């Protein structure tokens, strides 16, 4: 393109665009001017864009523009007019009424316009981009792909441009300022819209469309089979059976070639249990059957009572002679039987083709084989009315009365059609007209019962016995009456039958006719005209009128006994016009009883109830209008209704009412009063689910639920939605029910339909009482819901820290069982004050004891948990409660050297003089343990320093006993000082013999007991300062020097000798201290009693001093 040509093109495009802008701005005038201006503006913009892009040829002169304008004007004119026509009515209605219908109609109109534009989208781009006439381009749409998504963009652009034109031209649609503003915006946006419209890629075009082909449903079967895809070894047999069932013979053959086992039987869980040969035998294509025979499949092997030959003869109405011939030729047994003992010939006689029966007969099939019902193939043919096959069998020797079987004439007489041809055929072949079956029934019985008048005539003409009786004593006349066969009855009357005959139960024709499924009053009237008595009674004392009344045939009741009292619902419906000729409706007693109970009219209902059985009355307990009527339920139960009758859903009345919830409670209480049991899986949850659904959580309902449980309702089964009873009880907030369920062993951790435990629900619903009960009964706060949250997490997420406190058991963990009293001491022993507090708040006693009889206070005191002790004392714990061993909290605290706890117990009023086993006081215990600070506290609290135990020992004796083995001299001296300053008697003799000095010197210690001589010496010095007596002796006669010599304590011997102890004092065995020392090997100690010899030292001293 030369530069002058490019300049000319740009100049022409600019002029066209300027014209389009001017015309668009004229749209601000509105009305017709706007419509015309917007219509003319679109071709101007289209030409400007196409010239600018070079897709349309430049005209050589202005006159050359004329051929390109009509297509553009026509296309945009049709678009504007079509959109205006579509939206005129709905837009006007929307502006006038603002109704939803008008808005929906406008939406439908716009959607229709958009879909129409989408179907023609290539036309808009091609006309704008290339020009040319519209007609060929319209026809070319049939060869283009119209469903591309870019076509939707083109349709939306065209719809927007047309909608803009309609909006500017609509009378009174827009205000002046808004309309001019929209015109200015359109002058800017329309060129861009045309540019996008022309730049959209056109769809691919084909020259001609392929003609539609008629569906060929057999093309897949006729096509050459493709190669078999890889199939896993364990899938070969299932795939083989699937191919055989679907008739895909080629694939089945390929699977056999691939190694599928032809002997494999169908899996037990498959619905279709036909074996592979049986499936192949019923296929039109016999290649699979032949292949199986080639692979030595046993054609006589039955599976579930079915052989291939039985399947081939049974599963085709028209017969399958080709399959039967193939099987017979390969050894199939024509005498094989199925589960009903039917042979292939039994099935073949149902077919319309005698060829199959001929093949079986040629293969020596038994003509007179009997099935379980005693029917031969001939009887089966007669039963289905297949006279062609019956004649075939008769001509080949089939017997009309096979040995041990039913006479063939009976099924021929009782066939579905009243066609005497079969009977005549059998009679022609010498069948006995009065042949009887096992029930002593004749062909005339069967024909009369079936209502076949022509067959009855044929039998009577052949000489059938008119008065023959079966085992039940019925004649053909009575059988015809039993089914209300009027035509047969008339034929029998014409033959002078005994119309007064009765059966074995004493029922005559009238009574049997009244019990028929369908009977007309005309028939009963005809029987009465024949003088059949209407008032005769059967063996059970019932009359015909009673039978009619039970069936609700009131017209017949009135006909039989005009004096019979009719139900008020029947008589009232006809007012005073009830007479012998009045046609009363047939309404069963049950229907009348239902109506009477619904209306509350009890007159005459008792008589109706007698005409109904217990199951029928029980069915009324499920009636939608009576089930919630407590009075009606009570009336039905009192009159014999069976409360165990099930409805269509399999529910008994109790369970059906439980599902109704609160509205059914009065009726449920009636059922319970009549002894109906609520036992059965899910009964309780039905009631609870209904209460949750209807938000009914009254205490009366809770009491009723507890009553159900006491009567045997199931507390374990979940609801149909999967909610356990405990979760439902939590939702309802029924604490007593929750407690009952938990105490009777329901699963505390059972999940509901949302995967939440009862503890999750109690937390989420903010039911603190339920939460505490669940925790006390052992529910786990660590259980996780379906979303992974624990109850503690739920409580924190909803901001309930008060609930979170009950779920946070960090130190002492919950035992995941029902909490016991022993758990309080266990928690106290761990020092978990919060756990102790919660346990007590849950109702466990503060003085609960464990297996050793220890209280929580004792355990906490012994374990040194001051905070727990303080809390327990604040909650009123008994500080004097002793364990089984006699220990008290105070003695435990002293034993564990817990000074602060001792002070707390003393402040709480613990008895300081309480005697432990052996008469020991707490002061003695503290002294024996060498605890001067605790001794001082006890003394300050008023402990008796002179108190003695059962052995006579005082506190100072206990301190001296501690002093012999003590290692801390300062502690011993402090202990002795404390006691002596408190007034302890240093010379007090325990039991009259042992003084504190002797105890300090090891009077109670075994010889050789380790001791610190310096510590003992300090204690002795302190006692000597008190001028204690040195001439004391214990039960063995041991004085101070004896004990010092016994334990090898030379320093003490020296100190006692200096203090004036008698070295010659003898014990009970007349031994001196020196002899005791020599006996024990303490030579150095013995030497203290005599002048020392140089170089002599005792071995004990040597070992003790480490030299």
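Glycine residues also receive a Cβ, built from the backbone N, Cα and C atoms like all the rest.
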Transmembrane segment per TrEMBL, picked from 51-71, 177-197, is residues 177-197
How do the residues of the repeat 'ANK' (721-753) split into helix, strand and coil according to DSSP?
17 helix, 0 strand, 16 coil
Cβ contacts under 8 Å made by the transmembrane segment (73-93) with residues that lie 6+ beyond its boundaries
35, 38-40, 42-43, 99, 101-103, 105-106, 108-110, 112-113, 116-117, 123-124, 127, 134, 158-159, 161-163, 165-166, 169-170
Which range out of 12-41, 100-118, 148-170 gives the transmembrane segment (177-197) the most CB pairs under 8 Å?
12-41
State the residues, same chain only, that lie 6 or more residues beyond the ends of the repeat 'ANK' (1036-1068) and have a CB under 8 A from a CB inside it; answer 'none' if no residue qualifies.
997-998, 1001-1003, 1005, 1007-1009, 1011, 1013-1014, 1016-1017, 1020-1021, 1024, 1030, 1074, 1076-1077, 1080, 1082, 1084-1086, 1088-1089, 1098, 1100-1101, 1104
Under the DSSP assignment, what numbers of helix, strand and coil residues are found in the repeat 'ANK' (304-339)?
16 helix, 1 strand, 19 coil
Helix-strand-coil residue split for the repeat 'ANK' (340-372), DSSP-based:
14 helix, 0 strand, 19 coil
